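Undergrad: Below is a structure I'd like to ask you about.
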Amino acid sequence: MTTGRYGEHDHEHYERPRRRTRPRTKDRPSYDDAVDARVVTVDRGRFTLLLDGRRVMAMKSRPLGRKGVVVGDHVRVVGDTSGVDGSLARIVEVVPRSTTLRRTADDDDPVERVIVSNADQLVVVTALADPEPRPRLIDRALVAAYDAQMAPLLCLTKADLADPEVLLSTYRSLGVPWVVTQLRGEGAGDLTELRDRLRGRTSVFVGHSGVGKSTLVNALIPDAHREVGIVNAVTGRGRHTSTSAYLLELPDAEGWIIDTPGIRSFGLAHVQPENLIEAFPDLDEMTETCPRGCSHGTGEPECGLDEAITAGEADADRVESFRRLLAAREASSDW
Ligand SMILES: Nc1nc2c(ncn2[C@@H]2O[C@H](COP(=O)(O)OP(=O)(O)OP(=O)(O)O)[C@@H](O)[C@H]2O)c(=O)[nH]1
């Protein structure tokens, strides 16, 4: 029988004098008393957690080492979980994540990072006008969603200013679900459809400046800014200036949203064509005959997608839209 690295008869191992005076594992704390919490926001190594409905400040414990803890993580914590001013709990474990939304290293940030975890929907907030929609940014957000195996949702704001039809025609063949919102002008304020889409899920909201994301978050969660203000008061930052993602619960425990005020870009260099096409099983099936290493992009020789179009088995618009997404991975772009 072999135990660990050494065999039973490995005398060198057994006869070597013990230098350690402290047993290595015996004193390791067991975390049976740890409790569950969820990470609300992160600010300079300090974590705000939600634990039994109260906000608790925490830091990472040593055994976690360099393992990252991100917004949306379900964690286990020990120590002072009272949440009173000045108290500090310790995160001892990160529960395995169901999803991770990532960004590749880019000029803004040299390290590939997980932005948020455990979200199942990515809500791409885009104004129909003022500012004008930026389809390339929408495409990049969709790529990030598909890669992370999150359901995408287009949220088209400012419907009082423009008709959504032009923009929607670009996304119809991909089958991306969408909602339209209007929070100014006559008849403003009905968010029933969006609320229906958010119910029971954790949804990450992304969008570039001015699209009306804060207005939307505040309409969904009337206390949102006040809550964020509290978080920032604890971490020493001013109100309404959070640049980190933060998690908020929808009223009546209907779901969770994660706002991302700090995200200015979405590096996508880590996204593999194979992962992207998996989000479109009908197209994926048509690539079985592709040559090895085929990226399924425009101009790839003998790509199964082209053969399927020629044979009348694939919708050319859908293939073209998929290829547009594929190409959007390469363009670097700010929100
Ligand atoms: N016409 C119109 N204006 C809107 C609507 N929703 C928001 N706005 C306006 O759009 C502007 C930008 O809204 P914000 O909610 O601050 O946009 P944001 O996306 O959070 O932008 P940042 O705060 O820069 O990240 C504000 O002047 C809002 O009043 C809408 O449905 N229709």
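Backbone N, Cα and C define each Cβ position, glycine as well.
What TrEMBL records for THR157, LYS158, ALA159, ASP160, GLY207, HIS208, SER209, GLY210, VAL211, GLY212, LYS213, SER214, THR215 is GTP binding site. As annotated by TrEMBL, compositional bias 'Basic and acidic residues' applies to 1-15. TrEMBL lists 108-266 with the feature domain 'CP-type G'. As annotated by TrEMBL, domain 'EngC GTPase' applies to 117-264. According to TrEMBL, the region 'Disordered' annotation covers 1-32.
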Undergrad: Write out the long-range same-chain contacts of THR215 (GTP binding site), meaning residues 6 or more apart in sequence whose Cβ is under 8 Å from its Cβ.
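TA: In sequence order, the residues whose Cβ lies under 8 Å from that of THR215 (GTP binding site) (at least 6 apart) are THR157, LEU183.
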Undergrad: What are the non-local neighbours of VAL211 (GTP binding site), defined as same-chain residues 6+ apart in sequence with CB under 8 A from its CB?
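TA: In sequence order, the residues whose Cβ lies under 8 Å from that of VAL211 (GTP binding site) (at least 6 apart) are VAL125, THR126, ALA127, PRO131, THR157, LYS158.
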Undergrad: Across the domain 'EngC GTPase' (117-264), what are the DSSP residue counts per state (helix, strand, coil)?
TA: 53 helix, 31 strand, 64 coil
Undergrad: Run through the Cβ atoms and count how many others sit within 10 Å of the one on THR157 (GTP binding site).
TA: 24
Undergrad: If you count other C-beta atoms within 10 angstroms, which of the binding-site residues ALA159, GLY207 is the most crowded?
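TA: Per the Cβ count within 10 Å, the most buried is GLY207.
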Undergrad: Across the listed GTP-binding residues, THR157, LYS158, ALA159, ASP160, GLY207, HIS208, SER209, GLY210, VAL211, GLY212, LYS213, SER214, THR215, what is the farthest Cα to Cα distance, given in whole Å?
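TA: Between the outermost Cα atoms of THR157, LYS158, ALA159, ASP160, GLY207, HIS208, SER209, GLY210, VAL211, GLY212, LYS213, SER214, THR215, the distance is 19 Å.
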